[in-house]
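Each remark here refers to the structure printed beneath this line.
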């Protein structure tokens with residue numbers, strides 16, 4: 001069973017449909033026990049970082065999200081950004097799973113970064129065009145598995161142990177996006193040969 005955390009922000013139904021299309025059972029939940037007992041946990045999100053952290057804290061979910069060690073935990077779009085220490089969007093602390101901060105995209109191109117862009121990675125699955133919608137980004141680090149170029153390098157997939165962050169929307173990225181989501185559900189992409197920043 002896959003638990004998709006429903007904390008009041010985000011495209012939870014679209015993510016649920018994508019996961020079910022891949023053949024998995026998926027529930028929408030904000031219940032501690034259901035999250036703890038799931039095989040995989042997904043933290044989606046669309047909206048403002050500060051609002052999302054407030055909603056997570058009001059539901060008492062920060063502790064369970066940050067304490068999981070035995071299963072994949074996947075953050076999508078804003079959900080990925082919540083994994084970081086701090087965000088300039090609202091000047092608020094995140095879940096502090098990944099070191100580093102969420103910062104405004106510094107690009108000569110229009111912001112938000114909206115539409116299709118290609119992934120750059122050493123992983124053979126991560127060389128496709130995928131769909132982005134965001135105005136903030138993570139900093140480049142050793143945890144980046146794939147990135148995209150938009151006048152600057154933007155982390156697109158990050159992984160630290162069992163935590164996987166996906167900045168783009170795999171559920172809106174066609175068959176390639178679904179294949180990437182499926183690999184994340186199976187545990188992700190990280191090994192010594194696939195880190196994009198090496």
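The count begins at 1 with the first shown residue.
Cβ atoms are placed via backbone N, Cα and C, with glycine included.
Counted within 10 Å of its Cβ, the other Cβ atoms near residue 77 (active site, nucleophile) come to 26, all protein chains included. If you look up Swiss-Prot, you'll see 77 marked as active site, nucleophile, on the strength of sequence analysis.
Residue 169 (active site) counts 22 other C-beta atoms within 10 Å of its own C-beta, drawing on all protein chains shown. What Swiss-Prot lists as active site is 169 (among others), and the listing cites sequence analysis.
Swiss-Prot lists 171 (among others) with the feature active site. Of all Cβ atoms in the protein chains displayed, 23 besides its own lie within 10 Å of the Cβ of residue 171 (active site).
Annotation comment: Swiss-Prot describes 1-194 as domain 'Glutamine amidotransferase type-1', evidence class sequence analysis.
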Between residue 77 (active site, nucleophile) and residue 169 (active site), the C-alpha gap once rounded to whole angstrom: 6
Determine the mean pLDDT over the domain 'Glutamine amidotransferase type-1' (1-194), rounding to the nearest whole number. 96
Once DSSP output is merged into helix, strand and coil, residue 171 (active site) belongs to helix
